[in-house]
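Undergrad: Structure provided below as structure tokens; questions to follow.
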Amino acid sequence: MYLFLSHLAFVDIVYSTSVSVIMLMELLGHGLVLPLAACEAQLCISVSFGSTECFLLAAMAYDSYVAICSPLLYSMLMSPRVYFLLLGVSYVGGCMNGWTFTGCLLNLTFCGPNQVDHFFCDFSPLLKLSCSDVSVIGFIPSISSGSIIVVTVFVIAVSYIYILITILKMRSTEGCQKAFSTCTSHLTAVTLYYGTLILHLCDAQVQLLY
């Protein structure tokens, strides 16, 4: 769990920094000029690490499931090899989603207005600046991100269903309290992160339609 927490903290720092630095520079400088390549790089970094966080939260849910539901088998089911495998899948999956966004932008032509109506380089505001047909390309990243959300939320939901069943079967009040305290912080992080992410994706789809 602590290994996942350290990587989650690292991902959060990079993810927030990739957006906040550009936003602060724009606010302090009353406008910021960025080349298209820098804008695409910023988008790739933010999407990659944002997607990686989804995978890490799912991996942490599975880790909690093993710790609470199969404590005697924990050292075998969550060996160092499994830890690093889950971390590798998280980073590779996040990077693939980031490359999906970037690849779609690289296939577009930008020849008209060059002012992004947003506080950072996001996908839907950049699409509005393109001279190319974005009717298909605009939905590819949404499908990719939506798939990640569905898969990771499914893993988290199934893990916590089994955790809840196990907790309800516990006879020890102290054991129940420890299990709940272990899961509360993770569930709070999941709710806040996924709630914000889903609202952002819905808003992006509305912007694409208009």
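Glycine too: its Cβ is placed from the backbone N, Cα and C atoms.
Per TrEMBL, the features are:
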DOMAIN    1-210  domain 'G-protein coupled receptors family 1 profile'
TRANSMEM  55-75  transmembrane segment
TRANSMEM  82-100  transmembrane segment
TRANSMEM  148-168  transmembrane segment
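Neighbours and distances for these, please.
TA: If you look at the transmembrane segment (55-75), the same-chain residues 6 or more away from its ends with a CB under 8 A from one of its CBs are 1, 4-5, 7-8, 11, 86-87, 89-91, 93-94, 148, 151-153, 155-156, 159-160, 162-163, 166-167, 179, 182-183, 186, 189-190, 193-194.
Note on the transmembrane segment (148-168): residues 51, 54-55, 57-58, 61-62, 64-65, 68-69, 93, 97, 176, 179-180, 183, 187, 190, 194, 197-198, 201 of its chain, located 6 or more positions outside it, place their CB under 8 angstroms from a CB of the stretch.
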Undergrad: If you average per-residue pLDDT over the domain 'G-protein coupled receptors family 1 profile' (1-210), what number do you get?
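TA: Averaged over the domain 'G-protein coupled receptors family 1 profile' (1-210), the predicted model reaches a pLDDT of 84.
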